[in-house]
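Report on one structure; see the data block that follows.
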Amino acid sequence: MSLTKLIPSPTQRLSERSTPAAANAASAADKPLVAVQSAAPPYGHRRGWTPRRQEDFGDGGAFPEIHSRQYPLGMGQPQSASSGPTLPMTLGADGRVNFDAVVRQGQRADKVVHSKFSDLLPKPIDEDDPSFQRPDEESIKDLTEKTRDALQRLVESKAAASNPVRSAERTGPAQFIRYTPSQQGAGYNSGSAQRIVRMVEAQKDPMEPPRFRISKKVPRGPPSPPATVMHSPPRKVTSKEQADWKIPPCVSNWKNPKGYTIPLDKRVAADGRGLQGVHVNEKFVMLAEALHTAEVKSREAVSMRAKVASRMQQAQREKHEETLQQIASRARGERAGLAPAAEAAEAAAEARERDAIRRERAEQRAHERNRKGGGGANDRDRDISEQIALGRPALQRNQQDPEAAFDSRLFNQDAGLASGFHAGEDEIYNVYDQPWRANASSAGHLYRPTKGLEEGASADEELGRLASGTGRFVPDRRFEGTGGGAGGSRRDGPVQFEKQVEEDPFGLDDLFDKVKRSETVGTGSKRPASGHRDEGGSGRKRDRRD
Amino acid sequence: IEPVQPHSVHTLVFRSLKRTHDMFLSERDCLPAPDPTADQVRRAVKAKDQFGPVLHMQSSAKTARPAAGKQAAIAAAPAGSDGADSKSALIPASAASAASQAASSADPGSAASSAAAANTASVQVGEERMLVPKRAPLMPKPDWHPPWKLYRVISGHTGWVRCVAVDPLNRYFVTGAADRLIKIWDLASGTLKLSLTGHISTVRGLQVSDRHPFLFSCSEDKTVRCWDLEENKVVRHYHGHLSAVYGLTLHPTLDLLVTCGRDATARLWDMRTKLCIHTLAGHSSTVAAVASQSAEPQLVTGSHDCTVRLWDIAAGKSLVTLTNHKKSVRALAIHPTQFTFATGAPDNIKQWKFPDGQFLQNFSGHNAIVNALALNEDGVLVSGADNGSLHMWDWRTGSCFQRHTSPVQPGSIDSEAGIFALAFDRSGSRLITAEADKTVKIYKEDETATEETHPVNWRPGLLKKARY
């Protein structure tokens, strides 16, 4: 609805030329200030003039006296295929601006590019619409044929490369072309307006190898322009979803290919120890219990049997003894008249009791002695680890004199530099200045009890005999000069070896000495020393080789 | 006077809402119909107000432009085309008649006008007749399909069953598995007929040729083999793939084989000479699915770079690149009779139109990695996912009418549920599923189901502004 059509048109036009002054100005404005020249100025008068439009060139070409870029007929003008970053705005058939010109820039005009919002909207399927129906048989057949031909050509060209050489291919028949050149005149083409050209296919030599090297690799051209993205950008990931997809780093018990240093708590955490439930079968426990009970029972049975057997044996022995005693008493009685047999039996029983008591007491005494620890005879013969285990004081353990029990360096520590500094000597090595066990004899430590124990001798006696010295563990002969303390003399310095005089059976040394002495005497006179030197050298050499 | 029935406020409000909804739903985005008298009055009032003093000087040439121009006409047209129900009470009779005229006068005439008529309707408003774009109807009612049920489980493979193909004469079907075997099963009874060995790695693609006694198989060991089914042995190898081959398809009319794989290319092979005619490069990631047809564009590929490409195989170049998906496209299905196809990705399954790849609609709801799609002639689209779920969709409307998850084979754990391949048999009545629990499952439509026993679970709703 336009109101301008409704209202009447204005009857009086208000123009700029109403006032005379304005009219003059308008008339003046109407006249152009500069006369527009239609053609170029003539030769000689062109100074300061430049051709601006195609019409300025007229019929001819560029003006050499005008020093500016000129493109008559547009020739030589750089083709701005990409005229900067701007595209001309065009309108489509429906009258709307083609906004997808940007997207369709480098492509053919008929290429299918989806760029509108309407391409995203759903459309219904209209079964009656012919565009929803498949094309008819004929068009499909045509398409099939075309495709087949195209592909066949490709296949043939590829297969021909591997085919064995056949005879020369027949060239097609010659073609005649009637050609009408654009430049016509009396001078061209000897006056005639048309020409006839005979076109013949050049024959291809079947044995000819390929003419061009196509193995050279050429970089790929630019790809086709990217397709428009017809979906919304991917949704932002929520923190919950991100947390769901978090994968903890792999900490393996077996592999560490990049050699990372992983703290122990992380290693243990990845272990999976707590995750496994160790299920032990109950039958293991049952088996163990059964074994235990079986063992106990068998032990009981064995001990019972042994007890019974020993009791029976004892009873037998007693009976035997009884019978023997009876026999003996009877015999005694027979010898000294009839003595009462009962007394002898009582006496024997008492004697046995007393023996038992004696034995017990001896055992007790020995036990007490053992408990107390003894004077040291025992300790001396024990191994050092046993002594430590029993808790004997160090003094007893080492069996040194009380003065040497403690290191002298521990005392008088307040003396400062005077004690222990040794004037800065680092190499003092006086730890092992004394033998380890000076007093303890090695005999006590290397005792091995022999099988043949004398009957009746107590263990105490045995030990005493051994400790004092069986004479078995004394070295036969000592090294000269060894034996610390009272034994051999203490070494103050390194061992002094005596040079042994070698036996010289042939007396060669005396010979050499004599020769040397005679040489030294005769060096005053001039003698070729080189010869001697040589000799000496050769002699030396010989010596060396020997 | 009838006594007023007492109702709760909630009921009253809801009912009134429903009435309002029903009444105005069809004209949701439409402006009210133009009323010529009201228009005239308005114009008169305005003219008097603004130009009262000069109105008498009006020139006789006064073109009476129709009031409310095109917008009202647009409003009238879809309302008219949308089913003449009780809602047409508001629509002026003239417009309704005009719309009906337009519907009837969708004369074929020339191709251009018919195309125009498809998208526009000729509407007469006032004295003018003009072409006005048609609006799509909102939420059409989906068709009823009988539900699918499992009726056979075939176990024989010792590895994931990765691919299925059906004989053109519907006698047998072939499966390829991760145990490197290709097994041929009888379709009617499900018994094993033949096992073919030869592949070194998982068999990923299978196809039985319509016109030759050949079976084509491709595998993760980069080989593509042609088996002669009369001799049961390999007769051709197609050498050229640089990496695992994931998909295989045969051209329906030409003797061509197309394979796609992990080297981001699809290769076109001449069946007879074993030559690679074209190496279709363009994808930037693994090409997971390939499908071919006899009409242009003859090849469709879907890739893990979230794009779908339509190719011109004569030139070896891609015609269109569709970037609507946000996640890898693993499944493709071309409709047997319609000129449409579907692509499947974890975000959505999308429906497209040939030849330009025009987007039609989304099948949204299967939120899982869709490994396979299969299309029926009855308009049933089946999508099989990595979690073992099968969704059945109505092709025309995009509504899901069945969701089914089969239990895994006894002996398999629940996480071994997954569908790798789907195929309808040649009749479209049996669905063969290749699964990750090493079984092949066959589904058929439930004969006992009717519209009453399994009603369509659909409610008309307003189209929300969907984000794509």
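Just so it is clear, glycine is given a Cβ too, placed from its N, Cα and C backbone atoms.
The shown structure was predicted, so the numbers you read here are calculated from the model rather than taken from an experiment.
Annotation comment: TrEMBL describes A:1-13 (among others) as compositional bias 'Polar residues'.
Here the compositional bias 'Basic and acidic residues' (A:134-151) has no Cβ contact under 8 Å with any residue of the same chain six or more residues outside its ends. What TrEMBL lists as compositional bias 'Basic and acidic residues' is A:134-151 (among others).
Residues or ranges marked as compositional bias 'Polar residues' by TrEMBL: A:180-193 (among others). When the compositional bias 'Polar residues' (A:180-193) is classified with DSSP, helix, strand and coil residues number 4 helix, 0 strand, 10 coil.
The feature compositional bias 'Basic and acidic residues' is assigned by TrEMBL to A:201-211 (among others).
The feature compositional bias 'Low complexity' is assigned by TrEMBL to A:336-348.
Residues annotated as compositional bias 'Basic and acidic residues' in TrEMBL: A:349-367 (among others). Within the chain carrying the compositional bias 'Basic and acidic residues' (A:349-367), a Cβ under 8 angstroms from the stretch's Cβ atoms is held by residues 458-460, all 6 or more beyond its ends.
The annotation compositional bias 'Basic and acidic residues' is assigned in TrEMBL to A:531-546 (among others).
What TrEMBL lists as domain 'SKI-interacting protein SKIP SNW' is A:175-335.
Here TrEMBL flags A:1-92 (among others) as region 'Disordered'.
Annotation source TrEMBL lists region 'Disordered' at A:120-244 (among others).
Summarising the annotation, TrEMBL assigns region 'Disordered' to A:330-383 (among others).
Feature annotation from TrEMBL assigns region 'Disordered' to A:454-546 (among others).
Helix, strand and coil counts under DSSP for the compositional bias 'Basic and acidic residues' (A:134-151) come to 15 helix, 0 strand, 3 coil. The helix, strand and coil residue counts that DSSP assigns across the compositional bias 'Basic and acidic residues' (A:201-211) are 0 helix, 0 strand, 11 coil. Shown for the compositional bias 'Basic and acidic residues' (A:349-367): DSSP residue counts in helix, strand and coil, namely 19 helix, 0 strand, 0 coil.
Secondary structure of the compositional bias 'Polar residues' (A:1-13) per DSSP (helix as H, G, I; strand as E, B; remaining residues coil): 3 helix, 0 strand, 10 coil.
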